[in-house]
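Data block below; observations after.
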Amino acid sequence: MLRFETAGESHGECLVATMNGLPAGIPISLETVNRELWRRQQGYGRGGRMKIETDKAEIVAGVRHSRTIGAPLAIIIRNKDWQNWTEILPVEDAGSGADRKPVTRPRPGHADLAGAIKYNFHDARYILERASARETTARVAVGAIAKALLAEFGIQVLSHVIAVGSVRLERAASWDELVALSLRDQVLLGCVDAETEARMKEVVDEAYRTGDTVGGVFEVVARGLPIGLGSHVTWDSRLDGRLAQAIVSMQAVKGVEVGFAAEGAASFGSKVQDTIHYDREAHHFTRGANRAGGIEGGMTNGQDILVRGMLKPISTLRRPLESVDLLTREPSPAAYERSDVCVVPAAGVIGEAMVAIVLAQAFLEKFGGDSLTETRRNFDSYLEQVKNY
């Protein structure tokens, strides 16, 4: 089973990720991993932290001569901002006189209050340091490794932004547009339509002017998947459920949609289901549409997977909302921590990583293999079975 974990705080020395269960022989390019980290840092509306950090992955275990060796893989990403926090967040006790930059005025919408109560802290600093979306840097690095595995079998995962605030892309994006978007050297708001993107920018500008933040919707598309990843047999093996959990695990994501779920909920069944056809010349089944988003009964059906994440606006506001001081219990404006105005494009990149990780897990559950050669042999055998069905 492919597993991963992350560790590290927002202003700690580094972020760490480990992966276990990768077959030996997967080609790994640090340049590609770092490109994914760069993409996560881009986007109109990002805050000052992105001007400090230049995220680079260091693979310290599990890869030799640019290929996985079947051992646990470990990645470190160092925080440049750590140099400004060494005396504030030391590992060893710095004494009672140390400046800890305490956070005693929890921010509505963040983990501050619930976390402080749960872990019995009267300083929410220790909660927000781990709850911060800075943690997703490590997830994106893990996702880049998962993408490398999937790419060996012709599977690609891309994303784009379909809404910022009330401005929404009103047409479908082509695969070629998504590829071109992923190759951009300058990321604005991650929308494939220039006119729509310009209107999205106006929304972000308005939020900035008023000391506010803005959310939106991103879509992740996965192409090239075989029929049959996931299962209908148990509740927790259903692939759409696993993808939904992965997307909602992202900071600020409050909703998820697989396929055209919201549209389908307002329609009749005869207008929603994807009709089944058979191409006798090509000897395979085809579908009349893809409203299901590539998953039926918890299993891939061979079409593109479509998953959307809905982000609430970032919780940290330059014009703070009402809160209460944890120490005095008196009303007080919420604390302010350096933050972003809009993170929807970055969330799309993180969403790609989460989808790629879940798909890589499902792929290895289906095809197994201690080496890439063995995995490929199992995969090819299954494709032959599907072809001869």
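Cβ atoms are placed via backbone N, Cα and C, with glycine included.
Counting every protein chain shown, the Cβ of Arg46 (NADP(+) binding site) has 19 other Cβ atoms within 10 Å. In the three-state DSSP reading, Arg46 (NADP(+) binding site) counts as coil. Per Swiss-Prot, NADP(+) binding site is recorded for Arg40, Arg46, and the stated evidence type is sequence analysis.
Under DSSP, Lys312 (FMN binding site) is assigned to coil, being neither helix nor strand in the three-state scheme. Residues or ranges marked as FMN binding site by Swiss-Prot: Arg130, Ala131, Ser132, Gln251, Ala252, Gly297, Lys312, Pro313, Ile314, Ser315, Thr316, Arg338.
Arg130 (FMN binding site) carries a helical DSSP state (H, G or I). Shown are the binding-site residues Arg40, Arg130, Lys312; the one with the most C-beta atoms within 10 angstroms of its own C-beta is Arg40. The Cβ of Ala252 (FMN binding site) has 20 other Cβ atoms within 10 Å, all protein chains considered. Calculated from their C-alpha atoms, the gap between Thr316 (FMN binding site) and Arg46 (NADP(+) binding site) amounts to 13 Å.
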